[in-house]
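Visitor: Have a look at the structure that comes next, please.
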Amino acid sequence: MEPGNHTAVTKFILLGLTDDPTLCVIFFVFFLGIYIVTLVGNISIINLVRSCPQLQTPMYMFLSHLAFVDIGYSTSVTPIMLIGFIVHETGLPVHACEAQLCSVVTFGTAECFLLAAMAYDRYVAICSPLLYSTHMSSQICLLLVGASYVGGCVNAWTFTGCLLSLSFCGPNKIDHFFCDFSPLLKLSCSDVSIIGIIPSISAGSIIVVTVFVISVSYIYILITILKMRSTEGRHKAFSTCTSHLTAVTLYYGTITFIYVMPKSSYSTKQNRVVSLFYTVVIPMLNPLIYSLRNRDVKEALRKATLRIYS
């Protein structure tokens, strides 16, 4: 299709999850509730880590940054999705759509790197406890956190750069609830044979590298745990890892489905459902996953609650 024969697109229309008026009301209330829980849960984690002395450790520092990333991730998508339930077929200027994609990819990629850093932290704590203060010094922790955000920005610029190189001169209705790369690619009147592959290679490379770090870390952790003679020691070591493993499984399972698997292997409806899970649901679940099974967090929350009401 030749761009010169069509009017250039100035805004995109998000079709959202549904056009049924009754479902729109139900979804609005439901997802507004999820968003509020997401904000309250993650802000609580950040405040607890900053205010409680017993949580001033690398593990909880990473957890506080994960909470911040989850807030950014959810906020990049949910408010616009909620508007879509009130005003059907939400219109977004092209630059706003590009900015949303950039934000989603930045926070999503940063989460990958933070989860890998948290796995390495658990590896050092369990396999080399005597060297923990050296290997996980404040400088190294800040370096890992900084690298996570930089990695997120670099990957986001890969996606955004590819999007900026495309021309849109025909249909402008995105069959999605946010400006994801794959639905936008379908609307382009440019040759997408190469542009469509680059983001998948970039995202796939990050997933492979971070999964490798997580896998190797947990292989060594498992070997170390199996060598422990104390049943109590094994239980304690396992309990410090189960929350992280749960978060990793949920998150990587969904993003691998979207960004690595061939687009022909799933439908647009499946894409929306899985995208909804990793952009909206998982940011709400993470604070619950890490707090419900963590004695330190529960104790810090109890003390903070007592301080408020005393």
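Placed from the backbone N, Cα and C atoms, the Cβ positions cover glycine too.
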Visitor: Any idea if TYR123 and GLN270 are on the same membrane side according to Swiss-Prot?
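Guide: No, Swiss-Prot places TYR123 and GLN270 on opposite sides of the membrane.
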Visitor: For CYS97 (disulfide bond), what residues in its own chain, 6 or more apart in sequence, show a Cβ-Cβ distance under 8 Å?
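Guide: In sequence order, the residues whose Cβ lies under 8 Å from that of CYS97 (disulfide bond) (at least 6 apart) are LYS11, PHE12, ILE174, CYS179, LEU184.
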Visitor: Give the helix, strand or coil assignment DSSP yields for CYS189 (disulfide bond).
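Guide: Note: CYS189 (disulfide bond) is coil by DSSP, not helix or strand.
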Visitor: Examine the transmembrane segment (197-217) against the transmembrane segment (100-120) and state whether at least 3 Cβ pairs sit under 8 A, considering only residue pairs 6 or more apart.
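Guide: Yes, these stretches are in contact.
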Visitor: By a Cβ-Cβ criterion of under 8 Å, what residues six or more beyond either terminus of the transmembrane segment (55-75) are in contact with it?
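Guide: Sequence-remote neighbours of the transmembrane segment (55-75) are 35, 38-39, 41-43, 45-46, 48-49, 103-104, 106-108, 110-111, 114-115, 117-118, 121-122, 125, 136, 141, 144-145, 148, 279-280, 282-284, 286-287, 290, 296-297, 300.
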Visitor: Which residues of the chain, 6 or more past the ends of the topological domain 'Cytoplasmic' (121-133), have a CB below 8 A from one of its CBs?
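Guide: Sequence-remote neighbours of the topological domain 'Cytoplasmic' (121-133) are 58-59, 62, 217-218, 220-221, 224-225, 237, 240-241, 244.
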Visitor: Six or more residues beyond either end and a Cβ under 8 Å away: which residues meet both conditions relative to the transmembrane segment (26-46)?
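Guide: Hits for the transmembrane segment (26-46): 17-18, 63-64, 67-68, 70-71, 74, 78-79, 81-82, 85-86, 280-281, 283-284, 286-288, 290-291, 297, 301.
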Visitor: When a 10 Å sphere is centred on the Cβ of CYS189 (disulfide bond), how many other Cβ atoms does it contain?
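Guide: A 10 Å sphere around the Cβ of CYS189 (disulfide bond) contains 19 other Cβ atoms.
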